[in-house]
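Heads up, the thing below is written out as structure tokens.
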């Protein structure tokens, strides 16, 4: 039993999972999602009427628990524990690791004669993408879980299931830090337990590029979602050998092999320059363009707006992508209009990296945000109305002559 409010640490999670390593049937299925909280089961089930996006999960859990000797539900697990969960499972025994990324269950091969570890990468709940509904993503993941568990049961294979995520989807704000709200960038704060380390590119003995994103996703042809967050930062299943660094030009090259079904290779390049500008009398680092190369043939290029920082700084922006609503926008060329890019909580530095850490971050949000401008304009209008009203009141005059009922009638000439 785990008491309320307790966050399970990495050591405790390993102890909880020890029975999985010692039982006779050692077939383990790990359903890994980008973000999930236990409150999501209630929220999505009750907030959308008759739609129950966890229908297969609840049915499978109920059926499995009827025949299962044990079960374990952990409401809160430390993100560091889930981050290294896959490596802990691999080190715990001689598993045959199978990564299910194309979500094609019909081609899933499981040999029950030896231990199997099936890692099913579920599609991300990228609510920041306007075209993608979080509810639809949850329902699709639910169908995937149902297909995998049903297929294994029909084959008569005994297995254990772990359903978890890399990070939580709901975070309760602590009351002791509400009064200390500020921009918490990686350069100024200690390592957050909810985050993962940035991707660093080292050439020789020096780290020349640092790259971090909370969510790094692409969408091809308005239908194929490619989530590269885990492959880039968590498992780091990405090739950066083609990256180049110099004092004036830097290229961050990210190469992925079979990121999704139908794409054999994908390369994303971030081209940055470092120039001296006489107007500011200093050097500025600028992200000039982003390029996407699919299967070494199809080329797409995006020009970049509003991504620059002093050469000694890093650059940070909450939302970067192809949407017109983002503060830092990627403008696609003609051949790039089939791609949509979504990057949240971006921080990048391609020059003057010291001690493998981000420098002070120059944020894309200016001092005068749209809300501030709206407040200023509204205040000016109200101030003008008040000033005009006071001016009109001051122009009012009273009569300086009054009619006496006992005397002759008062005559006021027209000139007065």
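Heads up, the Cβ atoms here are built off N, Cα and C, so glycines get one too.
Going by TrEMBL, these are the annotated features:
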type: DOMAIN; residues: 207-351; note: domain 'V-type proton ATPase subunit S1 luminal'
type: DOMAIN; residues: 366-404; note: domain 'V-type proton ATPase subunit S1/VOA1 transmembrane'
type: TRANSMEM; residues: 367-386; note: transmembrane segment
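Same-chain neighbours of the transmembrane segment (367-386): none, counting only residues six or more beyond its ends whose CB sits under 8 Å from a CB of the stretch.
Each residue in the domain 'V-type proton ATPase subunit S1 luminal' (207-351) gets a DSSP state, and the totals come to 9 helix, 93 strand, 43 coil. In the predicted structure, the domain 'V-type proton ATPase subunit S1 luminal' (207-351) carries a mean pLDDT of 88.
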